[in-house]
């Protein structure tokens, strides 16, 4: 009855065009009834306001503010029945006004978002009816104020209430579906909130959020020109490290698409991306999907680094490069890219780079160019941080080393600024448990040691405290003309003149230091490391430099062990086939110089010195050395090494030596040397083996031929080699005297220690 009375009264005022009376009626209903302290009065006021709206019809739009405000106030009423009546009243007001309520959309949305979480089921049901009506109006209209609505949406999206979150997601899905509303432009404002909602405990809400994010990603792929990739990059970095698997996988999928669509625009955010992606590469099968997507992200990001990134000083200027999106559409909004990137101080999961969000960045059109700077310092800091972290998995360590190798190939000049800081951790990584990690580490170290970018003018070996001029210089090419624009190795360098730089000798010194301080590494991985280096670098230079360094080694016991290891590698490794052939003939001055260099260091170990002479067919000198063995201290270790040498003589490597036993006349010292070894050995299996071999040496009288009076090729080579064997023999005696003195000193110290223990 009350509702009918108000409708008749208002219709009369409308017919008379009496706006003042209409406003007066609405004011009375609002102030004296809807906002009254008495519940029944408030209920009557709400019914009256709804009746006024119905009576006003299309003219209700002129009085919407006065009609809506008191009703929204009642949304906060403590009485659930009044909240329901308020919801019903607002439904009638909105139903009549339709599109005229859009200017008041924000206050309506704000009120509805509160009712969505109302504990009373009747109120919630009423709010859902009003919500559907409002969505229909927005969908039909082309006058929705999206700009004004986004701040409210951004605020409400961080609600923790499940019903409020469901309400927010439902509205985002509606707005996405309206063709005239481009919500993609404002995605950076709400993306973080969407990812937080994705971690809700409710499966239904998570599913709704997945759908919303999926729709956004489809739009991004269709219209990359309108996407603000840079403003969302760090949001994805944060959520790529989320503890929730669904959030992490979704964010990682987005990151993959961003890198592939935006291309080099993502480079300023590389350090943050790597912080998020690298740990995922070591996930087990329980997170296989995340691992696979992270691997694609890592590979795609690596491909964005190009040789041109090495051509300028990033501290002074930016490089201008064309953007090459994978989409066929050209880009349309020219804005300058951000070149600044803040790196997380400790590469931690919670300390991430979000400063770049303050630097807007979008795509230029195809006819324009974009400034992109590779922040190499930030990338290297993240990679270095991960290498120092002993808890990271094997695949992550391999990925880090692949990144370092890639950067040294693509941007060698800039990378060598970081070499001094990276060098220690790269050396320590050689002690890794994984062979794959060590192989990648050796590739990086080999690139550092051989890249022309590492050659500094007028600079000798890097470690001045340990390096003194050696008897023979290494092959170090001149700097000029060696470094191409892309920083790659000169194609004119051949294996005989390998590319070496100032870091090569430093690498050799520090590698030997590591072997000396970590004997277990030498025993378990020493041969493996050196053999791989011989494949990656020039074997002659490796042996030459190590021999030169060991010549001045103060720890004589280590020097002897290291020489034995190098000799075993030289004699048995397939990787050293070419070097063995070079030493076997000693035809060139270089090969003779190499022999002399090796010989001086090999003198730390008498048996290896003899084996080197056998390898180089210096049989007379080998015999002279064995004659000196009588003056040495014969220990079990010494006899064991002689035993191993006898075993080696029976191997395919010394096939040529065994065949030379047929030429008794021209190889008398070979036979004498072998008999000398036989006399050193006790009655053992090695003794029997060598004795049987020597029994097979033919009678020289039976081996006479027509040309037997001519000297053999080996004899010619030996006499024409121009090597001062007397000096070498004196050097051998000098080194062995040092070893004898050192053994006596060690024995004396051990005896003193025993006495102190007894006392």
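Even glycines carry a Cβ here, placed using N, Cα and C.
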TrEMBL annotation of region 'Disordered' - which of the ranges 315-344, 345-374, 375-404 it falls on: 315-344
Stretch carrying region 'Disordered' according to TrEMBL (options 450-471, 472-493, 494-515): 450-471
Local confidence of the prediction over the domain 'Vacuolar protein 14 C-terminal Fig4-binding' (519-697), expressed as mean pLDDT: 93
